[in-house]
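Undergrad: This is the feature table in TrEMBL:
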type     : residues  : note
DOMAIN   : B:21-554  : domain 'Cytochrome oxidase subunit I profile'
TRANSMEM : B:49-67   : transmembrane segment
TRANSMEM : B:87-111  : transmembrane segment
TRANSMEM : B:131-150 : transmembrane segment
TRANSMEM : B:174-200 : transmembrane segment
TRANSMEM : B:212-238 : transmembrane segment
TRANSMEM : B:272-291 : transmembrane segment
TRANSMEM : B:405-424 : transmembrane segment
TRANSMEM : B:436-459 : transmembrane segment
TRANSMEM : B:593-626 : transmembrane segment
TRANSMEM : B:665-689 : transmembrane segment
TRANSMEM : B:735-756 : transmembrane segment
TRANSMEM : B:768-789 : transmembrane segment
Amino acid sequence: MIWMARVLAGPILWGALFSGIYGLHGLGCGLDWPNRETPLGALHPLAMIGAWLLGLALHAALIRWNRALGDARQAMLVRAGNWIGAVASAATLFPVIATSTCG
Amino acid sequence: MTEDPHAIAPNPPQRALPLHRQMDRIWSDLPGWRGSVASVNHGTIGLRFMATSFLFFSIGGVLAMLIRAQLATRDGAFLDTQLYNQIFTMHGSIMMFLFAIPMLEGLAMWLLPKILGARDMAFPRLGALGYWCYLFGGIIILSSLLFGVAPDGGWFMYVPLSGKTYTPGISADVWLLGVTFVEISAMAAAVEIIVTILRLRAAGMALTRMPLMGWYMLGTAAMMLVGFPPLILGSILLELERAFDWPFFDVLRGGDPMLWQHLFWLFGHPEVYIIFLPAAGVLSTIIPVFARTRILGYGAIVAAIVGLVFLSFGLWVHHMFTVGIPHMALAFFSAASALVAVPTSVQIFAWIGTMWAGRVDLRLPMLHVIGFFATFVMGGLTGVMLAMVPFNWQAHDTHFVVAHLHYVLVGGFVFPMLAGITYWMPMISGRFRVRALGEAAFWLIFLGFHGTFFIMHLTGLLGMPRRVDRYPDNPEWEWLNLVSSIGGMVMSVGFALFVLDIAMQWLFGRRSHRNPWKAQTMDWAMALPAPSYNFASLAGAGRHDASVTLPLARGEGLLPGAPRDRREVLVTEPGTGRPDHVAVLPGNTRLPIWTAAAIGSFFLLMLAGLYWATPLAILLILWAAWQWGGFMGSRRDAEPLAVAPGLALHEHWQMRNTLAYSGTVTLLVADATLYASLLFGVAFLTVIAPNWPPPDSGLGWPVLLTGAAALLMMGLGLVASLLAEAQRAAPPGRLAALAGVAAAGLALLLLAGVAWQFDDPTRHARDALRAALLGYAGFHGVVTLMLALRSLADVRQGRTSAMRRGAAPVWQLFQAFWLGTSALSLGVVALQEIG
């Protein structure tokens with residue numbers, strides 16, 4: 001079942017990232033983060049972009065370190081799981097750099 | 001024990017007929033109607049699920065015809081508004097909760113053991129309990145229509161419309177309680193399916209070599225496990241609000257109707273894929289058979305299933321695009337909704353590629369497969385359109401959405417199921433079908449469906465909203481609606497003909513020979529109709545396909561016959577399929593129907609508003625639950641059983657990682673999801689809902705100290721449960737079990753002390769949420785106490801020894817879960833007090 005955990009690692013990371021950033025978005029809107037300035041800009045987009053980039057870095061680490069295991073089909077599925085998670089995180093969370101936050 | 005499954009030698013051949021008689025005597029149902037309610041066999045239960053769901057489908061279809069009759073003309077006088085509201089609500093609810101989900105559960109229960117090379121599902125009594133809960137719950141829901149108190153707030157029961165203010169009476173309660181009752185069967189099925197796939201596959205059948213249907217059902221069950229708890233929680237919270245005025249959704253007291261929408265669609269969108277995945281499994285099974293080739297891209301399809309399972313949980317807000325959610329959140333869900341088309345397309349192209357590579361034989365099941373392609377792909381494309389926020393805002397709540405969802409659900413579920421029924425009917429009935437009727441039924445359904453719903457896209461684009469019963473000021477919609485209504489009637493005739501075809505096959509069809517479609521999968525490695533036990537002996541390492549029919553029937557496989565007059569199955573390791581132990585399954589019993597009746601009495605008392613009497617029902621349920629434990633133990637240490645020459649395995653009573661243990665872990669995943677949904681509710685209302693912060697609670701250290709003392713007792717209970725297992729063969733084991741019972745009882749008393757100090761839950765949503773968290777802890781306390789008592793009874797009655805552990809491992813799981821969730825809940829209360 002370690003193999004199964006390796007297959008699911010990428011999608012699970014996406015799930016954590018997606019729900020985490022969505023939660024962060026709601027929390028930031030509720031706490032008025034868009035109007036809190038930091039040296040690098042408003043806190044809200046900064047926090048979300050930071051979380052997204054961190055997540056993408058973790059996906060990159062997974063692709064690098066969560067190597068194939070078992071026979072050819074098992075290895076292919078581990079690789080596929082890694083990439084499914086990474087592409088999903090990149091595609092579904094890119095709005096953190098593209099749209100306004102709480103508007 | 002043999003380490004390499006490939007080294008398993010065959011058993012000596014026996015005469016097939018005596019073996020069949022021996023097995024059938026042990027595995028078949030008891031005779032007569034009294035015997036039939038005692039059945040727990042997966043074949044019987046699965047077929048009952050499917051037949052009952054098809055009956056509900058027919059009723060839902062009749063309601064649809066009433067809707068179409070009403071809308072055929074703009075001033076339809078066929079139904080009044082109130083009845084129309086009830087009918088469209090019941091149509092949606094029946095089709096979703098009483099047809100689609102039970103149909104897939106039935107298919108899984110009936111088919112999975114056959115296609116995976118097993119004799120039954122992992123928990124036969126649980127399957128039977130699920131069926132009776134489904135039947136009783138369905139009857140309650142349906143009866144409301146006869147008594148004129150049917151739900152009328154739409155199948156997603158939005159608040160505040162479904163709250164007590166706007167829906168007095170019991171109609172909304174019928175939905176909330178009835179659906180929750182029915183969903184017990186869904187949770188039971190999810191646990192059963194997962195454990196069956198992971199632990200009961202044929203020996204040596206690695207996970208990556210199992211038939212694709214196994215992967216589809218594994219994905220479906222995992223989604224059910226995580227998808228249904230938010231709906232169950234939402235239903236409980238809304239029922240608590242309606243019954244006891246706890247204001248989870250009341251804005252004035254810190255609640256928020258949006259919480260209901262989130263909880264509902266957290267279930268509701270994955271639900272689409274829960275319905276689609278088993279249907280896709282049917283397609284992946286059938287298409288290679290009729291294309292006379294192997295499925296193209298096994299690995300890609302498995303990867304697509306993994307992608308779908310996860311991505312489908314990131315789409316729910318696309319049902320809420322118009323409620324005023326910030327742009328960024330809309331964009332997240334819009335992107336996810338578009339992305340989910342990719343894994344779906346991977347499967348579509350794999351199926352097309354398979355047909356391209358092979359030579360398609362256009363038999364009746366394949367006609368329905370073609371119907372699927374023509375319908376589902378269009379539904380998927382309009383789904384991508386609706387995933388785009390600007391278009392969604394225009395088309396929201398119009399008939400365009402109605403057309404889209406029917407294209408997805410009928411295309412993605414009904415056509416594949418019709419294909420599946422026609423494909424597996426020879427195995428069910430043992431007969432060939434009568435020619436031509438099925439083809440006529442297909443064309444009527446296909447043409448009728450597109451006649452009804454294709455044009456409905458246009459009706460929606462012209463602005464006709466859903467759920468209106470008249471449109472006197474819009475004559476431009478009338479001819480479109482008339483065409484849809486005519487199409488609907490044609491489709492109905494098609495379905496009636498389909499049922500007639502099935503009945504004719506059952507009654508008058510020629511006897512079918514084995515494996516009439518020349519399929520490769522193991523479900524066809526048996527005589528027709530399928531025997532009650534599936535396989536007289538179980539497939540070992542090597543071939544797991546239809547070619548092993550005769551060797552298995554002659555007892556050359558593993559665990560041949562029923563020499564000990566018990567229902568024995570082979571339990572394997574989840575990944576490799578290596579034989580692990582022999583599980584003895586329970587035989588026919590009426591306990592499931594009595595348990596379902598006890599649970600039903602609770603729901604009926606709630607529905608009747610007789611809340612004071614519900615503790616009696618709860619006691620009844622606890623009594624029934626206690627009876628279930630009676631089978632779960634043995635008073636003797638047994639020698640390992642000879643499974644094959646050179647391979648002897650222990651019985652499950654002498655193992656730790658049993659089916660029950662796996663099932664408990666699986667169940668706790670669902671339980672944790674429900675708890676996480678409750679925490680989501682706390683966070684959502686705290687951050688988003690108006691009228692926060694709540695009034696001062698006046699709670700202080702006393703409540704936190706009482707809670708901490710309860711946690712201490714739960715911790716002691718956990719230690720006791722560990723000791724009870726470790727010392728099971730010695731007197732301290734009995735003492736530990738006794739201490740565990742005392743600790744659980746004391747913890748429950750302390751929780752009652754916390755409840756006594758809490759504020760009135762009707763005052764504010766914060767207080768209601770605290771009460772809900774406490775109720776959750778109390779419920780788990782009762783379950784844990786029951787398990788501690790069971791462990792104590794095991795010790796006292798000699799069900800434990802150095803080899804036998806009794807219920808202690810399962811008790812530990814629940815004890816740890818109770819402790820963990822209660823600690824989190826206390827932390828939430830402490831944070832609220834500090835904040």
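Every residue, even glycine, has its Cβ placed from backbone N, Cα and C.
On this model, are these features tucked inside or out on the surface, and what's nearby?
TA: Taking Cβ pairs closer than 8 Å, the transmembrane segment (B:87-111) reaches residues 42-43, 45-54, 56-57, 59-60, 63-64, 66-67, 79, 121, 127, 130, 134, 138, 141-142, 145, 150-155, 175, 179, 182-183, 185-186, 189, 192-193, 213, 217, 220-221, 271, 274-275, 278-279, 282, 409, 413, 417, 420, 424, 467, 523 in its own chain, all 6 or more past its ends.
Tertiary proximity for the transmembrane segment (B:131-150) is limited to same-chain residues at least six positions away from its ends with a CB under 8 Å from its CB atoms, namely 45, 48-49, 52, 56, 59, 86-87, 89-90, 93-94, 97-98, 102, 105, 169-171, 174-175, 177-179, 181-182, 184-185, 188, 592-593, 595-597, 599-600, 603-604, 607.
Only residues 6 or more beyond the boundaries of the transmembrane segment (B:174-200), in the same chain, are considered here, and those with a CB under 8 A from a CB of the stretch are 89, 93, 97-98, 101-102, 105, 108-109, 112-113, 116, 118, 120-123, 126-127, 129-131, 133-134, 136-138, 140-141, 144, 149-151, 153, 157, 162, 207, 210, 214, 217-218, 220-222, 224-225, 228, 231-232, 235-236, 238-239, 242, 569-572, 574, 580, 599-600, 603, 606-607, 659, 662-663, 666-667, 670.
Sequence-distant contacts of the transmembrane segment (B:272-291) (same chain, six or more residues past either end, CB-CB distance under 8 Å): 100-101, 104, 107-108, 115, 211-213, 215-217, 219-220, 223-224, 227, 301, 305, 308-309, 312, 347, 350-351, 354-355, 357-363, 365-366, 369, 372, 408-409, 412-413, 415-417, 419-420, 423, 517-521.
For the transmembrane segment (B:405-424), the residues of the chain that approach it from at least six positions outside its boundaries are 50, 95, 100, 103-104, 107, 111, 272, 275-276, 279-280, 282-283, 285-286, 289, 364-369, 371-372, 374-380, 382-383, 433, 438, 442, 445, 449, 452-453, 456, 498, 502, 517, 523, judged by C-beta separation under 8 angstroms.
Note on the transmembrane segment (B:665-689): residues 187, 190-191, 194-195, 225-226, 228-230, 232-234, 237, 248, 251, 254-256, 258-259, 262-263, 266, 765-766, 769, 772-773, 776, 813-814, 817, 821, 824, 828, 832 of its chain, located 6 or more positions outside it, place their CB under 8 angstroms from a CB of the stretch.
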Undergrad: For the domain 'Cytochrome oxidase subunit I profile' (B:21-554), what's the model's average pLDDT?
TA: 96
